[in-house]
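Colleague: Below, the features straight out of Swiss-Prot:
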- 1-35: signal peptide (SIGNAL)
- ASN42: N-linked glycosylation site (CARBOHYD)
- SER54: active site, nucleophile (ACT_SITE)
- ASP358: active site (ACT_SITE)
- HIS361: active site (ACT_SITE)
Amino acid sequence: MKRNSINIHHVTSFSSSPFWCVFFLVLLCKTSTNALVKQPPNETTPAIIVFGDSIVDAGNNDDIMTTLARCNYPPYGIDFDGGIPTGRFCNGKVATDFIAGKFGIKPSIPAYRNPNLKPEDLLTGVTFASGGAGYVPFTTQLSTYLFIYKPLLFLKGGIALSQQLKLFEEYVEKMKKMVGEERTKLIIKNSLFMVICGSNDITNTYFGLPSVQQQYDVASFTTLMADNARSFAQKLHEYGARRIQVFGAPPVGCVPSQRTLAGGPTRNCVVRFNDATKLYNVKLAANLGSLSRTLGDKTIIYVDIYDSLLDIILDPRQYGFKVVDKGCCGTGLIEVALLCNNFAADVCPNRDEYVFWDSFHPTEKTYRIMATKYFERYV
């Protein structure tokens, strides 16, 4: 039986006291995050360590033949250094690459499972993120990109968040062998940990699988997501991380593929998808605030990317964009991962005019703008 059933079309207009309590917690988080993210005086950020899904995957899925959620082939990477497809779901760099550059750490963050990874890369940070991952375990076990009532194409997920933590444990042991236990602890303590996940849970698992909707309503499913995100952040804290940023989910109802599949004849942003995302983000921010207070550590924070991306989508010309409802690859309506390839899909020549690279992921230019917004707000 479904629990706590709600009308998701009107989630933003709730007037019940529990909702508003959570809402004000979000406001509190937003007004205090600037001070929370900064390092203590005279300390630098030695590394950025990333967990999550395809938004920040840099190639961890490249050699996993059981998943279609990989993109280590052209035209992916067409604007990356040397035009090489690295496994990033983008035409070039992703947001965490730009953030690493702005911190002066390195130009990009490599995938931990990259066979060409150099030992020195471990000292300055890697990404464990994997396309298809989610906070709900079965999101990774069976994630899908294409749905019209019934699944058209099943994409078995890559590396679950629990397994990403196992890889992190392996990473820590390698670090200890390189620089010793004490320096490893210091690097982990001062490094910036970023967790970016949740999009697949909402679009693919909840709204893509009728069986999940029979088991959960939006309220209970987003609570499950937010609780699992809190647990993940707490695990990182137990590993010694002291600068943890957990990013909210973006407005997934406005990505091209979801407009195509659920946006009606005019391909509008899907309101119920965005409402569910906003509800999840509110709960996530509240959970992280609660965790911070429980641990007595104010360096676990919520980072908003919903408004950052939505602002670009709603006012594209301000940022030099012309196309917001289609991706640059192929028709721009549905192509992502396997469907975006040199044999079946052409690529737009004017990529800087597109907000989205494929039907699910932003272009390098969009990521650059979002990284700038991040620095203006949180650093």
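Using the three backbone atoms N, Cα and C, a Cβ is placed for every residue, glycine included.
Describe the structural context of these features.
Modeller: Under DSSP, SER54 (active site, nucleophile) is assigned to coil, being neither helix nor strand in the three-state scheme.
DSSP assigns ASP358 (active site) to coil in the three-state reduction, placing it in neither a helix nor a strand.
Here the Cβ of HIS361 (active site) has 29 other Cβ atoms within 10 Å, regardless of which shown protein chain they belong to.
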Colleague: Do you know offhand how many angstrom separate HIS361 (active site) and SER54 (active site, nucleophile) by C-alpha?
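Modeller: So the Cα of SER54 (active site, nucleophile) lies 8 Å away from that of HIS361 (active site).
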Colleague: Any idea what the Cα distance is from SER54 (active site, nucleophile) over to ASP358 (active site), rounded to a whole Å?
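Modeller: Spelling it out, the Cα of SER54 (active site, nucleophile) and the Cα of ASP358 (active site) are 12 Å apart.
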